[in-house]
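The annotation ATP binding site is assigned in TrEMBL to 10, 11, 12, 13, 14, 15, 16, 17, 18, 19, 20. The Zn(2+) binding site annotation in TrEMBL covers 186, 195, 198, 201.
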Ligand SMILES: [Zn+2]
């Protein structure tokens, strides 16, 4: 894959930034695509742009504001609270989001002569999002290939690993400090370690603490 080109679906968060570093190691040429769907925090777009600039990655921002029109939700509307009731999908779920993002990323990838698409979706901490499942990604991969008669390969380097292992992967890619300090995961729009209180920060911190514990334990063997 070293001689090929890849497009990374990129939000500027921990997971997709780790994927970006993974892609830079795997492919000769890497570009990133970020979707503007009137995120609660415009900062997300700035963070994504800054990271790409720093890493010298061509960055495309595509307007997907129709998603907000179709599915108003806690990620796009500040008047909707972020909640997660037991047995229900969290209020941050947007119907069809990954389907649309990956489809538009594929159209862009083909235009750019790239057949590899990388996404940070993950089935391990997937909170029940149906379009983060491996079976969905594999199914869409077939559909995209048929729809455009093009040999896309969707890569999901985080699919089977948990948040602690995602930190480990970033570390193995020599990107631990970069990911920790420059990415935005927090629902309250605070970069790096975030507000520490929202569900996204809690998940990120729990994974980080577990990883640092694992690392500490192995260093003292
Ligand atoms: Zn937070």
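Please read every residue number as a count from 1 along the shown chain.
Using N, Cα and C of the backbone, Cβ positions are placed for all residues, glycine too.
Note: TrEMBL annotation is automatic and uncurated.
Residue density at residue 20 (ATP binding site): 29 other Cβ atoms are found within 10 A of its Cβ, drawing on all protein chains shown. Ranking the binding-site residues 186, 198, 201 by the distance of their Cα atoms from the Cα of residue 10 (ATP binding site) places 186 first. Ranked by CA distance from residue 201 (Zn(2+) binding site), the binding-site residues 14, 16, 18, 20 have 14 at the top as the closest. In this structure, the binding-site residues that sit close to ligand 1, with a C-beta under 6 angstroms from any of its atoms, are 195, chosen from 10, 12, 14, 20, 195.
Note: the CA-CA distance between residue 12 (ATP binding site) and residue 186 (Zn(2+) binding site) rounds to 11 Å.
The two recorded residues residue 195 (Zn(2+) binding site) and residue 14 (ATP binding site) have their Cα atoms spaced 15 Å from each other. Between the CA atoms of residue 18 (ATP binding site) and residue 186 (Zn(2+) binding site) there is a gap of 16 Å.
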